[in-house]
Amino acid sequence: MTTYSTDSQGKFIPATQRPDGTWRKPRRVRDGYVPQEEVPLYESKGKQFAQKPALPPGLSPEVVQKAKEKRERERLRQAREEQQRKEQQNKKQQAGALPPGVLAVDGGAVGGNNDKQKPGAKQPQQHTKSSQQKSTTAAAAAVSNNSDSTVDELASALASGAQLAGADAQQLEVAKKLRKLRKKIREIEAIETKLRSTDGPKLDKDQLEKVKRKPDILQEIEELEVQYSAGAM
């Protein structure tokens, strides 16, 4: 820690003696000067925030711990109540799914009437089952007949659709061939224009072969046009 002295001219550091016996001169100190060893160290905001107390002033950690324990007990109590409520709801749903007069117990379903059923009481139930089986068989036969007719109609529709699709594909193929051949005719006509010009370039072998095939290409175009017109009708 630096020792300062003050005189009429201001603050100064008095002369000090070195280890070898020599003396340092007194040094005048400017107003507001802070020595390097007295400059406070820099601390980031995160470090300053970490040094602050986590609890508000006047609040003890014991009170905070008790409040946490109380909240935890309340949460567990609510969880138990929710579990019990779900179990009761499931029991009610299971009881509502049983027929009238039947009670849901742990061992299974028990009828409300404990009297022994008479042998004649089973006959109406058997009669009802046989009538239900007959109606089910008749309905299955009707569905089978309807299914067979529906399958036949669907098969005929698919066959006709396949024929139409095949015809459309054939027409599309003919149209593509016509476009290619007409393009070749345009190229041949361009070559012929070059031949008619006196100062035009000489033609190579491939170009001459194209010109020779012009009649064959025109004939093929006529045949395809007839075929395309017949398919469109």
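Placement of Cβ uses the backbone N, Cα and C atoms for every residue, glycine included.
For reference, Swiss-Prot has these:
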- 1-153: region 'Disordered' (REGION)
- 62-97: coiled coil (COILED)
- 65-90: compositional bias 'Basic and acidic residues' (COMPBIAS)
- 122-142: compositional bias 'Low complexity' (COMPBIAS)
- 167-199: coiled coil (COILED)
- the compositional bias 'Basic and acidic residues' (65-90): DSSP-derived helix, strand, coil residue counts: 26 helix, 0 strand, 0 coil
- Query: Which whole number is the mean pLDDT over the coiled coil (167-199)?
  - Reply: 83
